[in-house]
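Listed features, source Swiss-Prot:
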| type | residues | note |
| --- | --- | --- |
| MOD_RES | Ser2 | N-acetylserine |
| BINDING | Asp28, His115, Glu477 | pyruvate 1 binding site |
| BINDING | Tyr157, Arg224 | pyruvate 2 binding site |
| MOD_RES | Arg161 | omega-N-methylarginine |
| CROSSLNK | Lys212 | ubiquitin cross-link |
| MOD_RES | Ser223 | phosphoserine |
| CROSSLNK | Lys233 | ubiquitin cross-link |
| MOD_RES | Thr266 | phosphothreonine |
| CROSSLNK | Lys269 | ubiquitin cross-link |
| CROSSLNK | Lys332 | ubiquitin cross-link |
| MOD_RES | Thr336 | phosphothreonine |
| MOD_RES | Thr353 | phosphothreonine |
| BINDING | Thr390, Gly413, Ser414, Ile415, Gly445, Ser446, Asn471, Asp472, Gly473, Tyr474, Thr475, Ile476 | thiamine diphosphate binding site |
| BINDING | Asp444, Asn471, Gly473 | Mg(2+) binding site |
| CROSSLNK | Lys484 | ubiquitin cross-link |
| CROSSLNK | Lys505 | ubiquitin cross-link |
| CROSSLNK | Lys520 | ubiquitin cross-link |
| MOD_RES | Thr522 | phosphothreonine |
| MOD_RES | Ser526 | phosphoserine |
Amino acid sequence: MSEITLGKYLFERLKQVNVNTVFGLPGDFNLSLLDKIYEVEGMRWAGNANELNAAYAADGYARIKGMSCIITTFGVGELSALNGIAGSYAEHVGVLHVVGVPSISAQAKQLLLHHTLGNGDFTVFHRMSANISETTAMITDIATAPAEIDRCIRTTYVTQRPVYLGLPANLVDLNVPAKLLQTPIDMSLKPNDAESEKEVIDTILALVKDAKNPVILADACCSRHDVKAETKKLIDLTQFPAFVTPMGKGSIDEQHPRYGGVYVGTLSKPEVKEAVESADLILSVGALLSDFNTGSFSYSYKTKNIVEFHSDHMKIRNATFPGVQMKFVLQKLLTTIADAAKGYKPVAVPARTPANAAVPASTPLKQEWMWNQLGNFLQEGDVVIAETGTSAFGINQTTFPNNTYGISQVLWGSIGFTTGATLGAAFAAEEIDPKKRVILFIGDGSLQLTVQEISTMIRWGLKPYLFVLNNDGYTIEKLIHGPKAQYNEIQGWDHLSLLPTFGAKDYETHRVATTGEWDKLTQDKSFNDNSKIRMIEIMLPVFDAPQNLVEQAKLTAATNAKQ
């Protein structure tokens with residue numbers, strides 16, 4: 001076969017970079033393209049309930065496998081996906097957004113086509129996406145199309161940001177040389193400038209050598225930009241106390257003897273706050289300093305000796321080194337840092353949160369107890385997904401087993417995100433290891449935005465655990481403003497009827513209202529095996545919330561009220 005269609009070329013390239021499931025919806029401008037996915041063995045078209053959920057699913061898949069792809073149709077389809085794409089941009093997640101667009105001739109003639117604004121402007125939606133994309137491409141020439149596809153795939157992966165790729169309907173059936181597939185896409189990072197890199201490393205080593213009370217703080221981009229292994233080795237070699245931010249949950253092993261807890265500024269446990277803020281050197285890996293990630297910007301370091309490791313630059317104290325990538329800096333540091341740190345005398349890390357005290361089995365379930373107890377149910381390798389709201393804050397109180405994947409959307413915070421993200425993560429987990437468990441915690445309010453995607457989970461035989469926290473409405477909003485306001489109320493649903501309503505045949509449902517019911521269920525051997533999809537409704541008091549969320553809500557309300 002000397003030639004293949006451009007559409008097939010796209011899917012072959014995606015398969016080569018380990019993207020095996022593609023998300024999205026069919027539309028008349030992408031139908032011919034979608035035909036080609038079935039020509040590539042090992043590729044799967046998920047077929048979502050709507051484009052927003054598809055974007056969320058692509059985000060969840062990419063967080064596990066490194067990048068993903070969503071395909072939508074021109075105008076109506078692509079715009080429905082943009083909230084999800086914006087979230088991926090904000091949170092550094094590599095999603096390739098492929099849009100089937102009208103033929104080149106139709107665009108040239110400015111035909112008054114459906115799905116347009118009726119003004120002959122076929123570039124308007126492309127322009128809308130540009131500000132939430134690392135780069136964009138609109139294919140117009142079949143001769144350069146393969147190179148453009150390769151560039152878009154590489155950029156998606158390397159930058160961990162969304163990329164927009166427009167494919168006109170008349171080009172996807174045209175042929176390109178098949179031999180192009182024999183040359184893999186270069187997915188490697190370009191080397192750092194040697195002189196700048198040496199200056200950075202020498203400066204860090206000098207700071208490490210002088211430090212008496214250093215700490216390591218792992219944040220979101222530690223996971224997103226693939227330096228988890230380097231960060232773990234950094235902890236092993238130096239024995240510095242290591243902490244995570246809320247967005248960094250899962251980026252380092254929380255069973256490591258040098259793990260000290262979650263740092264969230266003033267919302268941290270007092271001993272964690274003191275340990276981090278009294279440090280004389282902070283090695284901050286992959287920081288994303290958003291309000292909910294920092295306790296409303298309440299970091300209060302006593303030292304100026306802060307080293308920030310970023311994907312595309314380094315910052316040491318007040319000096320910034322553009323273009324110096326943390327991946328290479330960390331790799332080179334690991335060859336010499338043990339010697340620089342040999343004078344360090346390890347200090348004790350903050351004690352782990354003690355186990356819950358024994359209570360009568362009839363005790364009503366509350367969030368503080370539940371999140372602390374959850375660690376007993378989790379297993380090494382689990383994917384734990386926490387929805388914006390009480391779940392995203394409560395999960396900070398749970399100590400993860402090693403090699404746990406943590407997914408939340410602390411920065412973008414689009415409620416309902418995690419239903420779609422769970423679908424994407426479940427596809428990714430199945431491709432890695434069918435026994436890998438995917439566990440969702442979502443509020444009853446958030447679920448109502450994106451519940452349709454449960455039907456896609458059922459369609460594909462995926463087996464996540466769906467924990468629905470039923471506290472009768474939008475609790476996080478109630479805590480911020482309007483505790484009794486009608487706009488924070490929702491219609492109650494019969495959650496345990498949802499799985500059969502969506503057509504599930506092999507499933508389980510449970511309702512848990514007491515500590516005894518929680519322990520009995522989570523300790524059950526068969527329940528711990530991900531043999532079927534499960535929905536577990538957790539009955540909670542209306543205003544019950546993790547204490548750190550209560551405090552964050554006060555800070556957010558104060559910020560909103562400032563003139």
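Every residue, even glycine, has its Cβ placed from backbone N, Cα and C.
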Closest of the binding-site residues to Thr266 (phosphothreonine), Cα to Cα, picking from His115, Tyr157, Thr390, Asn471?
Thr390
Roughly how many angstrom lie between the C-alpha atoms of Lys212 (ubiquitin cross-link) and Tyr157 (pyruvate 2 binding site)?
38
Spatially, which candidate from the recorded positions Ser2, Asp28, Ser223, Thr390, Asp444 is nearest to Lys332 (ubiquitin cross-link), comparing Cα atoms?
Ser223
Counting distance between Cα atoms, which of the recorded positions Ser2, His115, Thr336, Lys505 is nearest Asp444 (Mg(2+) binding site)?
Lys505
Residue, out of the modified residues Ser2, Thr266, Ser526, whose Cβ gathers the largest set of other Cβ atoms within 10 Å:
Thr266
Residue among recorded sites Lys212, Lys484 with least C-beta crowding, 10 angstrom cut-off:
Lys484
Nearest by CA distance to Lys520 (ubiquitin cross-link): which of the binding-site residues is it, out of Asp28, His115, Arg224, Thr390, Gly445?
Thr390
Which one of these recorded positions has the most other Cβ atoms within 10 Å of its own Cβ: His115, Lys505?
His115
Looking only at C-alpha atoms, tell me how far Arg161 (omega-N-methylarginine) is from Lys233 (ubiquitin cross-link), rounded to the nearest Å.
26
Ranking the recorded positions Ser223, Asn471, Thr522 by other Cβ atoms within 10 Å, which is at the bottom?
Thr522
Shortest C-alpha distance to Thr390 (thiamine diphosphate binding site) - which of the recorded positions Arg224, Thr336, Lys484:
Lys484
Would you identify which of the binding-site residues Asp28, Asp444 has the most other C-beta atoms lying within 10 angstroms of its C-beta?
Asp444
Going by C-alpha positions, which of the binding-site residues (Asp28, Arg224, Ser414, Gly445, Asn471) is nearest Lys505 (ubiquitin cross-link)?
Gly445
Between Thr336 (phosphothreonine) and Gly445 (thiamine diphosphate binding site), the C-alpha gap once rounded to whole angstrom:
51
